[in-house]
Amino acid sequence: MAHSDRQCTNAAQTALSDAVESARKHNNGFVDPAHLALVLFKNEDGLASRVLRKLNAGTVLEPLAARVGALPEQRPRPRSITFSSDGGCAQHRRAEANRVGDSLIAVDHLLIGLFECKEVEAIMKAAHASKKAVEGALLELRKGKKVTSEFQEENYQALEKYATDLCKLAEEGKLDPVIGRTDEVLRTIRVLSRRTKNNPILIGEPGVGKTAIAEGIAQRIVRGDVPDTLLNTRLFSLDLGALIAGSSLRGEFEERLKSVLNEVKESSNGVILFIDEIHLVLGAGKSGGSMDAANLLKPMLARGELRTIGATTLEEYRTYVEKDAAFERRFMPVYVTEPSVEECISILRGLKDRYEAHHGVQITDNAVVVAAQLANRYITNRFMPDKAIDLIDEACANVRVQLSSRPEAIDILERKKRQLEIEAKALERDKEAASRERLKLVKADIQRVEEELQPLVSKYNDERQRIDELQEMQSRLDEKKKLERAVRDGKMDLAADLQYNVIPLIQDRIRSLKEDIERQKATLVQEKVTEGDVAAVVARWTGIPVVKLSQTDRERLLNLSMHLHRRVKGQDEAVERVADAIIRARAGLSRPNSPTASFLFLGPTGVGKTELVKAVAAELFDDEKHMVRIDMSEYMEQHSVSRLIGAPPGYIGHDEGGQLTEPVRRRPHAVVLFDEVEKAHPNVYNVLLQVLDDGRLTDSRGRTVDFSNTIIVMTSNLGSEHLLNPEETNESYEVLRENVLAAVRSYFRPELINRLDDIVVFRRLRTEDLRGVVDNLIAGVNERLKSSGFSVLLDDGVKDFILEHGHDANMGARPLRRWIEKNIVTEIGRMLIAKELPPNSTLRVSLPEGGNKLTFGVKRGLTSDEWE
């Protein structure tokens, strides 16, 4: 009969219950020792499996499963299952527990009890796990501890189970090299060498290399490059997730942590614990009045019995650690700052070999330098060196993916060959003379494609063979790790063979392969990671076009002012200034810590201020909606300032971010339009000062948003009454311009005006400008009609008629749009509904001589260009 819960540990009780379930599953009427053994050894993390691994024993699962399968079945399945005479081995288990002085029956007692069954004992002996060997392994695992807790089995070798030996990883060469950070490493070692309070805590922003410092200390311990007090110590990284996982019962988490701490305390050589994200121990495991992890650590930390390296971010240190003064006092802070671009380049150069070996590609030094520079300039919401390393890693992954796919030239030819072969098969079935002639031509085409394809495939295979061999040789450079291990272990013969024979041969072969690849001028396979690959990754992440300009982009930028002129009529000065600013930015010559450009557009309503901003967005992003538009008439109250940067803490909407900061934070390359800026409350302008000067703004959550890649435009109607003079000349325009600027200076404060790159005054639209506006408006109507298959054509006299009846000098171009919508677009809509417009037809709008009303004529099958 199985023991009650109070007589067994949780693991033992679970094993006995699972053995009963195993017997029921196999339709056995009783529980055999083989059922219990199978359950124990199936649990890979259980004590029984750990004993077998410690003994390097063979597998026992298959013979045990065969033994269970050979047991007699009972049909129908029995309702109750009992233990066989030796299935529970209950008397022996109780006797074994009493013999060693244990309060509860544990899994190790079950394991020893299995040897009372002759069949199970034979299986264990065949796997080289005799009873004596198992008892010895259990004694070594228990280390003299008595079974007094229901969770006892989980506490055997707790340090190995709930922590990772960083020194072991360093010995095996599995840790990345730590470049630089000498001051922080030495400061940490000095704190560890103290008598009391020898617990450093690494504090820094996420991604600056806190964990790398702990790994660097592990590598120094392995090399012996540490003070005598740290020689032969081991550095373990505590896995809090493994400690907490599965600890559903009260007290289970505390038992696990106490067993880890006791092993650390009792270790002969000394153990240093590294706890990443140490703020998590504050409150970890706390529930229903039980202690949290921090309170278990505090006494040992204070007495110097436990040496711990913690790591956390500045924000989490302030939020969690500083609130627990007793916990904070037991640690000495070591601040880890973000490395400079030069230091980051050194770090990347040190890691380059690892990434080359992993991805099987070559990384140029230019790519390393550009990765650090672009990461520093454009990826502003993360920290070095983490963001630069990620850039290199993703660029390598992209090149590796391209290496794994066939070149486009070969792919096109192979598809063409398959199509021709399918056509040839179809033609072979056709007996007509024309088909036979066509078949000859198709076979000739297949022959020609094969002749073109064969050398390409041969060249591709040769290049892939070299690259695959290069990757294999780079991975074999792990022999350097064996060299370091041989030197540490004093195996000088092996070290000499590796240093003067094996490693030089590998390096010579790598050098030879790289030279062969370099000599090939036109390659089908690109295995190098260049600065262009890194820039492409930055462009994908941020939307900022930092990749090298293609010929199309060059022509587009050089002709930018011409494209803008087509859309914005009569504002030559404004267009030229905006185009010049964009060219400076795309050439990489804009100031690094300020917006790409900042303008104040002044002028009367309807002259093209907002239209020019839309045109810039359309030219840069192919979509005029791709801009952040802030209508300043919505910010007339003083309290509305918070909407730009986000509501303060404690207010509704704090987590949603600001209407200005959030779009720019997510899409840092954008056009930001502050429309009708004079209508906002004066306090709103204070928010803009830092944006215009330093290209940065801190939102309500303390995050710095980078505006250095934005074009900022403010529009205003201030002083527009001075520009409505119909008799304007170039000389009078300068006077009028000064009057407008005087009005602006009297309204806006000097600190705002002084931060703008340029103040552009838009001219009043002249008659010839308005003709171009009419053309643009009709082009917009034709764009809307394109999907219906219609187009509109205006006679010359119609434009004058529209200007005469639709133009208002004080209102600019907007009245023209309203007039065209009312008198032309409405008539087109009426004709469409009445089905008076056949498909693919042109609607000609004309004005009869002496007439006062437009007429509409329809021509089918002609475009507006073909209609004379």
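Just so it is clear, glycine is given a Cβ too, placed from its N, Cα and C backbone atoms.
Under the heading ATP binding site, Swiss-Prot lists 204-211, 603-610, citing sequence analysis as support. Residues or ranges marked as domain 'Clp R' by Swiss-Prot on the basis of sequence analysis: 4-144. Summarising the annotation, Swiss-Prot assigns region 'Repeat 1' to 8-75. Per Swiss-Prot, region 'Repeat 2' is recorded for 83-144, and the stated evidence type is sequence analysis. Per Swiss-Prot, region 'I' is recorded for 159-407. Marked as region 'II' by Swiss-Prot: 529-720.
Here the binding-site residues are VAL208, VAL607, and the one whose Cβ sees the fewest other Cβ atoms within 10 Å is VAL208. Averaged across the region 'II' (529-720), pLDDT for the predicted model comes to 80. Helix, strand and coil counts from DSSP across the region 'Repeat 1' (8-75) read 44 helix, 3 strand, 21 coil. Sequence-distant neighbours of PRO206 (ATP binding site): residues of the same chain at least 6 apart with a C-beta under 8 Å from its C-beta are THR313, ARG382, PHE383, ASP386.
There are 24 other CB atoms within 10 A of the CB of LYS210 (ATP binding site), with all protein chains counted. Cβ contacts within 10 Å of LYS609 (ATP binding site), excluding its own Cβ and spanning all protein chains shown: 28. Its Cβ placed at the centre, GLY603 (ATP binding site) has 25 other Cβ atoms within 10 Å.
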